[in-house]
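Engineer: Please read through the structure below; I'll follow up with questions.
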8 protein chains.
Amino acid sequence: MADDIDSLIDELHAEADEDRSDAETPDVGIVMGSDSDLDTMAGAYEALSELGFEEVTVDGSPEGRFTFESYVVSAHRTPELMYAYGETAADRGLSVIIAGAGGKSADLPNMTASIAFPVPVIGVPVQEKSVDSVIGMPTGAPIVAVDAGKSYNAGLSAVQILASEHDELAERLVEYHDGLVSGVADVSRALHDRGIEGFRERDG
Amino acid sequence: MADDIDSLIDELHAEADEDRSDAETPDVGIVMGSDSDLDTMAGAYEALSELGFEEVTVDGSPEGRFTFESYVVSAHRTPELMYAYGETAADRGLSVIIAGAGGKSADLPNMTASIAFPVPVIGVPVQEKSVDSVIGMPTGAPIVAVDAGKSYNAGLSAVQILASEHDELAERLVEYHDGLVSGVADVSRALHDRGIEGFRERDG
Amino acid sequence: MADDIDSLIDELHAEADEDRSDAETPDVGIVMGSDSDLDTMAGAYEALSELGFEEVTVDGSPEGRFTFESYVVSAHRTPELMYAYGETAADRGLSVIIAGAGGKSADLPNMTASIAFPVPVIGVPVQEKSVDSVIGMPTGAPIVAVDAGKSYNAGLSAVQILASEHDELAERLVEYHDGLVSGVADVSRALHDRGIEGFRERDG
Amino acid sequence: MADDIDSLIDELHAEADEDRSDAETPDVGIVMGSDSDLDTMAGAYEALSELGFEEVTVDGSPEGRFTFESYVVSAHRTPELMYAYGETAADRGLSVIIAGAGGKSADLPNMTASIAFPVPVIGVPVQEKSVDSVIGMPTGAPIVAVDAGKSYNAGLSAVQILASEHDELAERLVEYHDGLVSGVADVSRALHDRGIEGFRERDG
Amino acid sequence: MADDIDSLIDELHAEADEDRSDAETPDVGIVMGSDSDLDTMAGAYEALSELGFEEVTVDGSPEGRFTFESYVVSAHRTPELMYAYGETAADRGLSVIIAGAGGKSADLPNMTASIAFPVPVIGVPVQEKSVDSVIGMPTGAPIVAVDAGKSYNAGLSAVQILASEHDELAERLVEYHDGLVSGVADVSRALHDRGIEGFRERDG
Amino acid sequence: MADDIDSLIDELHAEADEDRSDAETPDVGIVMGSDSDLDTMAGAYEALSELGFEEVTVDGSPEGRFTFESYVVSAHRTPELMYAYGETAADRGLSVIIAGAGGKSADLPNMTASIAFPVPVIGVPVQEKSVDSVIGMPTGAPIVAVDAGKSYNAGLSAVQILASEHDELAERLVEYHDGLVSGVADVSRALHDRGIEGFRERDG
Amino acid sequence: MADDIDSLIDELHAEADEDRSDAETPDVGIVMGSDSDLDTMAGAYEALSELGFEEVTVDGSPEGRFTFESYVVSAHRTPELMYAYGETAADRGLSVIIAGAGGKSADLPNMTASIAFPVPVIGVPVQEKSVDSVIGMPTGAPIVAVDAGKSYNAGLSAVQILASEHDELAERLVEYHDGLVSGVADVSRALHDRGIEGFRERDG
Amino acid sequence: MADDIDSLIDELHAEADEDRSDAETPDVGIVMGSDSDLDTMAGAYEALSELGFEEVTVDGSPEGRFTFESYVVSAHRTPELMYAYGETAADRGLSVIIAGAGGKSADLPNMTASIAFPVPVIGVPVQEKSVDSVIGMPTGAPIVAVDAGKSYNAGLSAVQILASEHDELAERLVEYHDGLVSGVADVSRALHDRGIEGFRERDG
């Protein structure tokens, strides 16, 4: 097999063997089947960033307590990498994995959920036609999924899962939600007070 | 919860407590899950306007006998507002509600129908994929629905419902319909008399 | 054309020409495409009966204020009867029509809605595959629909429409709804208090 | 009802009462639910023209033996016109009707097939979502249908039906078909002889 | 290739070469992809029999003017037989072919329509999942289709096609249709006069 | 509103006001739209029981550290109860909610996810046709879902979520999984060693 | 991990390391996701047996030249076994793999195709809802598939693939096909000669 | 029939009668229903070219050992050509056929698989709506299929089939696959090392 894939796999195993505390390892792992999925999967990045998470890159671990990491992992072209990623997930300190894939055979989320078990995996169908393949796991092999393209919600859900242990995250989520509510209240009042025609003129 | 949403809810309850006659309150309420639904939901506004209804805005009640009002109410972001709107609907004098929502989880029409019962609710699926969610209510929890995007027809149906009590509205509907019929008659004669080629040249 | 169909049509026109008060004519008309639809459409009968409506038959008008009638009308085998039924609906005193049909070409509800306009028609798709055909009316030709097989809800909706004019019906609907709520409360408490195993044993 | 629709209906009845020979009346009737269907339905015009049929317009009957006519007939806005067209079809000398409609409630082909029976009706679903509604007729109420948008094929099929009586038309159809076959033979040889790259360069 | 299939093919060609009048040859050919389709396809037999057609068997041609014949022809197992049947159809005197097949690759109706052209072919999808495959022919290669399983209607449509040439058949179709109408009139009156409960008791 | 529903709601609020430790409150809440969903939703009960969770009933809190509770909550018949359940979830100590509903308008999981936010909700579509409605939440309003009927997997996922905080649960999950693996290994060896015929005979 | 799965995996690697000739190793491998798939997957066994293949079991290699083997391999419960099976396929002498799985996430065929590449894998969707997941592989990761449940055809296709190298197998396939053709010829003649009624009586 | 189609058919038969060695004849035949399918079907050309295959054109056989050819063959317009191509496939030396067609009645792959049997045919649905028609073959009539539009994968699969006999091709496939793996490894490392924002900036 190609050298470059082997070195990636070796690094995952090396990190799994390190003795790092929870605060030093990424909390959330984002994996996607192809870099062509990135525009859709970037929603998870946006949600996590919105809630104060920082990305672990080659520059090392960020300052903040809550972090995530990103990889391209192709189930069909690099099954070895997928296997290594799932197998080392718990030992590498991940608490939740967000896994997205497109096409009708969107196997990456499912297979990652199977291999990384019991680390919870949130599946993101990158296309509408990927929903069935992502959600359809048999009894005994759980995955939880969001709707097609909703990687932003997957990011929120990952934080919800972490929040049961970290009250600070629960507070951030409530604050985030209050902002949403205010936004609806504002637009609702504007629509009612101006009427449909007036509202459209304003936004026109 | 945010102040702005609370003040909206308070106002709904205040209006419900007022002692206004039927002629003073809006007859039809239009609610939609997001202002991004407005382009689709504007059809209800157009149908009601075509039939002589006027919109109640911050400027107070219009002169005409038949009026409507509009709000943005998000089932998933502002469930409290949705609950308050449905709960006060009868007391606020609404005779029919037109409720539209998009997405696959288009809960606003259904939930409003459940909460505002027995005020009739006409559900408008804003997208094709919203139809199932809007129409699929269980026995005992009725909603009536129009097809995806057909808010114009929802507006007509709201007037049909009101017309059983108000003969004037029945007359307006008949007149509106006669206009439609004449339109078809004209184009049918034109197509037949000129032939397909001649007709297309004229319209080309 | 056959004599028997002609006599039915003649009777409809005769009734339309009679000078009867609203209280003397049926408020709701139930039509279905075939007597094979009766098992599904009987839900409308049950809902109306539950709410105190009585059926007009050959024995004449019942005592009660609120009544309904039933006919088999096949759009594809007896278009003349369908046309006559729709055309005379308003003059025969009907305030709402519940029209059900099965198959993929469920034309009866739509055509009746077009011909009886502006009398509101609640379409009942008798089968899942009838939903699209019933709901899919073009702009300007409104129908409101319930979900496949939900004729019971169509009955409730018909009463909701009549209730805007008749407070007595609104009260009956609220009372009906309170009964539903109590039923859920009872079963919810039983499930919680006994636990899932205990509840199933009880119901076993 | 509007005068213009009545005069159209009167003319249809008048033509039905005339005593014209088969050669004087149109052989094929094309009806469509809206003039917005014309771009799709024009395929029938093209096929019939390709096979030597001429259109009957206000200018009177063409010279040729085989003719057709076109009307806009809306099932939902002008059910009276639809009924009149179907009812007079046989007496007006039509041998085949091509009826097209769009939307999910594409009732025109079905209703026309029912009313004009036993004149055969070829249904054209103007959109993919119209297929179910057009094809789904119950036992005893026959329609034959082509695929969505295939009005050209409906035109060919109409001629096939007429050809069982008119050998001249069978010959025209065979000749038309030979042209198609030669076209495939040419392009097949070109692809094989030049190879895929060469063929694409030629056509580039 | 097997002897038995060759002898069938030889007989078809022999009949095509015979010089028989229209009255001596079968008017309608029924072909189906497998004898497991017979329960569904028997509807065509019933409709044709109802309208006075008789089946041509090994016992020779029946007395009656209008006749049909039946064959099993598998597109996928016996393409040679399918080709021979289509190729000889016109010369063997067939005016219409009713072709039914099941499964998702229901090729028999389409291929027969292509090979037997310009003899009109009415496709019968034997299963719901066969509809797309039967109806979806490209421009220039026409087929007309009935709905899944509606071979009875295919039989009626075959007679409608023949009726443009044979007034006697048009009369039989009108008479058949009058019977249907009377049936609906009877059941409609019974439902109305007895009411839903009374009607169900009678039929219980 | 009915007394019985009010007392349920009051009890939820009372429990929310109590000052109980995490160990005293149920960790997982199971809600379902109707007791007719119980057969499907019982899978969650089985998974939780398999992993050592006990149910909180009227008999009070069980001995074990990890517990759950069950309620029937109808979104469409008892929106007030649904609102109260969601609103008190965090204060009542729930860490995860498993919410199941059937039908095409399966609103309970979505609405509960919106109201109980940021407590994570795992939606269980009780029927295949409920999947779209459950999974299709808009951006900003997250839910995670399992496939239709997979309440057993929802139970496992709830434990996976709790396991990030409780190592003991992670160990139970690994042990559970090892049992599954052994089961597959056994049957795989049996199939290979005996061959397909031998294996079927054994199981016959 | 469990001992039993490890010993299976070890045996696969041991066989891969053996130095056996093509004639000594199984030509076709049948894998399925669960023994509950066996009723569906047994078709492959039947087709291979029909064409003279024998199964390799614990009793060692059969006499015949052409052989196959069977395993249960669960993608979601035993990803390690799946990986080992795919990885050793070429070295264990397999020329074709038939892989079947059910459910909406039918990952086994796809993942096996990816891991065993370039050994060709024929995917068998065990249920209709498995088709999309099995067939939908991205560019560069090929699988070939048969229709839902058609494991018999997968068996035939496996032999077709082997037949390009082994003329003996091509002859067996032709002989098999001749039998099919004769069967159709027989039933076609019987249907035609007896007529539909006579045929049904015979088979009744 | 047209001369040009006859000469094509004659040439196919002439080539079948020639006594050429395997190395002199094309290994893979590519057929498509229309030259409008060429953009989609060109993927097979690209895959075969990538793996060192050359196309046989009018310029004669190429130098290389492994070759392919291309034809347009319309099932519905030129059934004779389709029959001739399938019937001569084995004798013309083809080892695998790649057959693509679009539309809902994509009969070419199926019919070619039936006629050319036992030469294996890989069906390519040119459109999503062609999948069912291509894959849905009955028991006893095998085809293997790739997903809609995946002609590139069909090319790879054709080589996989040939590779069981030709080790050189297996090596080329492994080398091709290593390139794919390296590509994923590179992009995965880049995404992880730069982070999502850094990666998008680089690619922006």
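Counting starts with 1 at the first residue shown.
Including glycine, each Cβ sits where the backbone N, Cα and C put it.
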Engineer: Of the ranges F:1-27, F:55-81, which one does TrEMBL flag as region 'Disordered'?
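Structural biologist: So the range that TrEMBL calls region 'Disordered' is F:1-27.
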Engineer: Looking only at the compositional bias 'Acidic residues' (F:16-25), how are its residues distributed among DSSP helix, strand and coil?
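Structural biologist: The compositional bias 'Acidic residues' (F:16-25) comes out at 5 helix, 0 strand, 5 coil.
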Engineer: What are the DSSP helix, strand and coil residue counts for the region 'Disordered' (F:1-27)?
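Structural biologist: Going through the region 'Disordered' (F:1-27) residue by residue, I get 18 helix, 0 strand, 9 coil.
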Engineer: Under 8 Å Cβ to Cβ from F:Asp37 (substrate binding site), same chain, six or more residues apart: give me those in sequence order, or none if nothing qualifies.
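Structural biologist: Within the chain, F:Asp37 (substrate binding site) has Cβ neighbours under 8 Å at F:Gly100, F:Ala101, F:Gly102, F:Val126.
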Engineer: Need one number for the substrate-binding residues F:Ser34, F:Asp37, F:Arg77: the maximum pairwise CA distance in Å, whole number please.
Structural biologist: 15
Engineer: Compute the average pLDDT of the predicted model within the domain 'PurE' (F:26-184).
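Structural biologist: Mean pLDDT, the domain 'PurE' (F:26-184): 97.
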Engineer: What kind of secondary structure is F:Asp37 (substrate binding site) part of, going by DSSP in three states?
Structural biologist: helix
Engineer: What does DSSP assign F:Arg77 (substrate binding site), in three states?
Structural biologist: coil
Engineer: Can you filter F:Ser34, F:Asp37, F:Arg77 (the binding-site residues) down to those whose Cβ is less than 8 Å from some Cβ in chain D?
Structural biologist: none
Engineer: Hey, what's the Cβ neighbour count for F:Ser34 (substrate binding site) at 10 Å?
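Structural biologist: For F:Ser34 (substrate binding site), the 10 Å Cβ neighbour count is 23.
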